[in-house]
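Chemist: Below are the structure tokens for one structure; questions will follow.
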Amino acid sequence: MTGNAVKVKEVVLRKLQMRLKNPFATSFETMQDKTFCLLEVIDENGNIGWGESVASDLPLYNEETVKTNQHILEDLLIPDILGQTIGHPDEISERFSPIRRNNMAKATIETAIWDLFAKNNRMPLSQALGGKKKEIQVGISIGIQDTTKALLNQIEGFLTQGFRKFKIKIKPGKDVGVLREVREVYPDIPMMADANSAYTLKDIDHLKQLDDLNLMMIEQPLDHDDIVDHAVLQKEIRTPICLDESIHSVKDAMRSHSLGSCKIINIKIGRVGGLTEAKKINDYCKQVGMPVWCGGMQEAGVGRAHNIAVTTLDQFTLPGDTAPSSRYWDEDIIEPEVTMTGGIIQVPDKPGIGFEVNREMLEKFAVYEKAFKL
Ligand SMILES: O=C(O)CCC(=O)C1=CC=C[C@@H](O)[C@@H]1C(=O)O
Ligand SMILES: [Mg+2]
């Protein structure tokens, strides 16, 4: 849609530090404290758009960090949009394209501009994006546990809360055996595994054993930057491969589809550089009949709100990782917090992201703040 243009008058970059309720373990790290960039973009009408970066302290998921975000935002992207009139948020990704990658930094501004644009045009962000859903289905991502009993306890609790998909983190030594035990106890739950690149093609025979476990998919079993070996693996296993780390753009989605590297794509707004690119991947995957879903990055409320909005697009047919705020936070930075009933989150109908940022929480969690004015 077209609509009222956005003229950027002021930008405030904050870094927030928040403690997760419980440590979250994957094949590559255990996270307890999260530092991230939060961007406030103010336009000439006094409207405010919010964007949250999903980059973390160390470049373990991808190459970006909080510090590289700060550099790219402060030295390149903020000066580039300050004072500019932006006709439509779709212009932003084009505008930033000379800068290679740094997708999470780019998405921080891009998502804030989308929020601002939707607010300026008095419509929910989901609607501005073209999303139609009024509610979304929600899954849960469960980190690697010390024991299978602990994992089973977690699943039991999350099952009671109504989650619609159970994503279980795996790594060598904590994979087929653990998932088999879970399947014995829960023969029917919608279950998938996420390996975060912990395997190689040498593990084909081992990974083939997953085919007996009726998994919805295995996420990113091989290298973070690979789509060739994944195509080899997908020919050998029946379990659908879902790509996460390897997909940075709609072009990556096209190449992966034509090579047969995956049957499903996990879209993370930050990883693909923003909502415009996420929409393009949605549209392409719809054309070729490939299901997509929204992955999580342990977001605070602003990122969570953007995830809810993107999930309303029509090819997001599988439940995502967007759990309620209480999954990770004792106190979130938005009001109201994201809540869920029976595995369903209601899509807000207020303008923009549909949640207010709680300034008291910003004070509490901010470890850095810098304003950029005209
Ligand atoms: O936000 C959530 O609940 C999902 C968390 C999650 O599974 C991930 C977050 C960040 C990096 C990875 O560990 C992982 C993923 O790869 O999807
Ligand atoms: Mg993943």
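Here the Cβ of each residue, glycine as well, is placed from N, Cα and C on the backbone.
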Chemist: The Mg(2+) site in TrEMBL includes ASP194, GLU219. Which of ASP175, ASP205, ASP244, ASP252 is also listed there?
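Modeler: Given ASP194, GLU219 bind Mg(2+) in TrEMBL, the matching entry from ASP175, ASP205, ASP244, ASP252 is ASP244.
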Chemist: Counting other Cβ atoms within 10 Å, pick out the least crowded of the active-site residues LYS169, LYS268.
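Modeler: So among LYS169, LYS268, the active-site residues given, the one with the fewest Cβ atoms within 10 Å is LYS169.
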Chemist: Using DSSP, how many residues of the domain 'Mandelate racemase/muconate lactonizing enzyme C-terminal' (148-240) fall into helix, strand and coil, respectively?
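Modeler: Reading the DSSP string over the domain 'Mandelate racemase/muconate lactonizing enzyme C-terminal' (148-240) gives 46 helix, 12 strand, 35 coil.
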Chemist: Given the recorded positions LYS169, ASP194, GLU219, ASP244, state which is nearest to LYS268 (active site, proton acceptor) when distance is taken between Cα atoms.
Modeler: ASP244
Chemist: So which of the recorded positions LYS169, ASP194, GLU219, ASP244 sit close to ligand 2, that is, with a CB under 6 Å from an atom of it?
Modeler: ASP194, GLU219, ASP244
Chemist: GLU219 (Mg(2+) binding site) has how many other Cβ neighbours within 10 Å of its own Cβ?
Modeler: 28
Chemist: With a radius of 8 angstroms around the mean position of the C-beta atoms of ASP194, GLU219, ASP244, what other residues of the same chain does the Mg(2+) site pick up?
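Modeler: Apart from ASP194, GLU219, ASP244, the close residues are LYS167, MET192, ALA193, ALA195, ASN196, ILE218, GLN220, CYS242, LEU243, GLU245, ASN266, GLY295.
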